Structures are given as structure tokens and as C-alpha cells.
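K.L.:
Supplied in C-alpha cells, the structure appears directly below.
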Amino acid sequence: MGFDDPGRRGVVDGPADDRDQTVAAWLAGLAGERLLDLRHVRGFADPAALRDAADRQAHHVLRGELARLRPGDAVLSEEDEDARGAAAADRRTADRVWIVDPLDGTREYGEQGRTDWAVHVALWERGRGLTAGAVALPARELVLGTDATAAPPAAGPLRIAVSRSRPPGFVSSLLDRVGGVAVPLGSAGVKVCAVVTGDADAYVHAGGQYEWDSAAPVAVAAAAGLHCSRVDGTPLEYNRDHPSLPDLLVCRPELADQLLGALADLIKAGEVAGG
């Protein structure tokens, strides 16, 4: 899905239909348009102020539209101060919870010319897990939803997406074990989407994330037929009491056994904190 013409940004009409997946994609795209506009208006002279304003504005867009479109649903957002506090009890008893990251890749957003930042919108339903999700890559004019299909594998060495600014210490050992090469990228959403679009074969992370970092990307990747789990192979669980979800593996399904085996060796050796 692409973005509307830039001249139409800021027009709040609504999603094309009332399906949760359509709503997720529209919300991610709408917040992405706001972020692009903010970059254009404010420029990059004060990156810290730009990033702070972006986090706030994208959060308010998502919160406001979810209140309008899905007034009975709970929301877990990175920008909610009470995400770990009293409000957790409310969302833990809810049947439907939207898990959103208004701006994933804040560092990259504040750097002129960088496109590896994203907006995440996912829906968790009791008894069903993640049922809808979308990741907007606004600077690339792309929104990937749960109707995306994974690209076919490319020839060559196994490509593993890693953080460009804070690559995990175990990456070198993992690459040696599987004969892979690192693909440094910005936000978690961009790295997972790189696996969906065929620009990487896997994304491995350990060392700290939260549910909003991975919920929408995992919803998209799983719907596209990719393997998604924690680094020890256990399932990813969302809408828990505390939103910490510190590690993640997303890869083409035929690579899962190889990567999980290598990660198990590294967990045993103490190089990776598992589960």
C-alpha cells in the first residue's frame, strides 16, 4: 500500500472499510503522513526537539483516531506514561488491545536523509493473539499489512538484519556459525519489513525491547508466512502485565532450525540471554 499524494496530507477522512486490518493500515499511514509533514515544517536544525514533537504528535494522532474508530478497545502505546502502571490492569482485562509505537526509530527520524523509521499499529485479541497489524515506512511511501506476502529468497549468503547503532555483541559469533552477513538498519519495524520484502533473510534481536517494538512487525511477518519467535524458540506473547519482550527472531521458515540451533549454542555459552 502506498501513501496518498503529499498535497492531501493532514486530511482526516477515514479507512476505506471497517475491517480491523484496514483500520490498522490507515492509522499507520495517517500517523506517518503527520511525521513527514513535521519533518518538512520543522527541519533538522534541532533534532532533539524534532524527535520529541514527533513522538507526541504521532501518539496523539493514533490515540485520537482509535478513540473515534474503536472507542471500546484498550490501547498500549510506547508514549503512555502509565504503560507499565495502573492502566496495565485495564488493558489486561480487555478483550481487544491496540499495541502501537507512534515512532519506531526515533534516532533515525531525526537524521536528515534517513528513511529507516516506522509507525507500528497492531491489534491483540483475547484467545487469538495478534489478529491485525500494519507497519508504515513513511519516508519510503510504503505500508505493509497482514495482507503482505513474503518475497522469494535471494541467492547468496544468509543476510541478518541488525541494529545499525547498537548491534548485539553476539552477532559476530552468530554470523560465523551460519555463514551470514550483517545488514545494519534502523528501527525494529524496518528490520522485520526487510525480511518480508526480501532485503534480508532474518532479523535477530536480544537485549531489550517492548511489546510495541515488535507487535505490528510480527503480525505482518507471521501473516506473510515467516517464522516469528523468541530467540529460544518459545512463542511471542503480547498484552502481558509488563510489556517487556526483550528478544525476537524473525526469519524465512526454512532457516528457523538453523538459526535456532545456532542461537541455542550461544545461549548455552552465555553469549545470548534466552527466554
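From the backbone N, Cα and C atoms, a Cβ is placed for every residue, glycine too.
What TrEMBL says about a protein is an automatic prediction, not a curated fact.
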K.L.:
Need a hand: TrEMBL gives Glu78, Asp101, Leu103, Asp104 for Mg(2+), which of Asp201, Asp213, Asp232, Asp241 is also on that list?
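P.N.:
Site partner of Glu78, Asp101, Leu103, Asp104 for Mg(2+), according to TrEMBL: Asp213.
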K.L.:
Once Glu78, Asp101, Leu103, Asp104, Asp213 are set aside, which residues in the chain still have Cβ within 8 Å of the Cβ centroid of the Mg(2+) site?
P.N.:
Val100, Pro102, Gly105, Thr106, Ala118, Val119, His120, Ser187, Ala188, Gly189, Trp212
K.L.:
Under 8 Å between C-beta atoms and at least six apart in sequence, can you list the same-chain neighbours of Asp104 (Mg(2+) binding site), or say none if there are none?
P.N.:
Trp117, Ala118, Val119, His120, Ser187, Ala188, Gly189, Val190, Trp212, Asp213
K.L.:
Near Glu78 (Mg(2+) binding site), which residues of its chain come within a Cβ-Cβ distance under 8 Å, counting only those 6 or more away in sequence?
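P.N.:
For Glu78 (Mg(2+) binding site), the qualifying residues are Asp55, His59, Val100, Asp101, Pro102, Tyr210, Trp212, Asp213.
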K.L.:
For Leu103 (Mg(2+) binding site), write down the residues of its own chain that are at least 6 apart in sequence and whose Cβ falls under 8 Å from its Cβ; none is a fine answer.
P.N.:
Leu35, Arg51, Ala54, Asp55, Ala58, Tyr109, Trp117, Ala118, Val119
K.L.:
Which one of the binding-site residues (Asp101, Asp213) has its C-beta surrounded by the most other C-beta atoms within 10 angstroms?
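P.N.:
Comparing the binding-site residues Asp101, Asp213, the most crowded Cβ belongs to Asp101.
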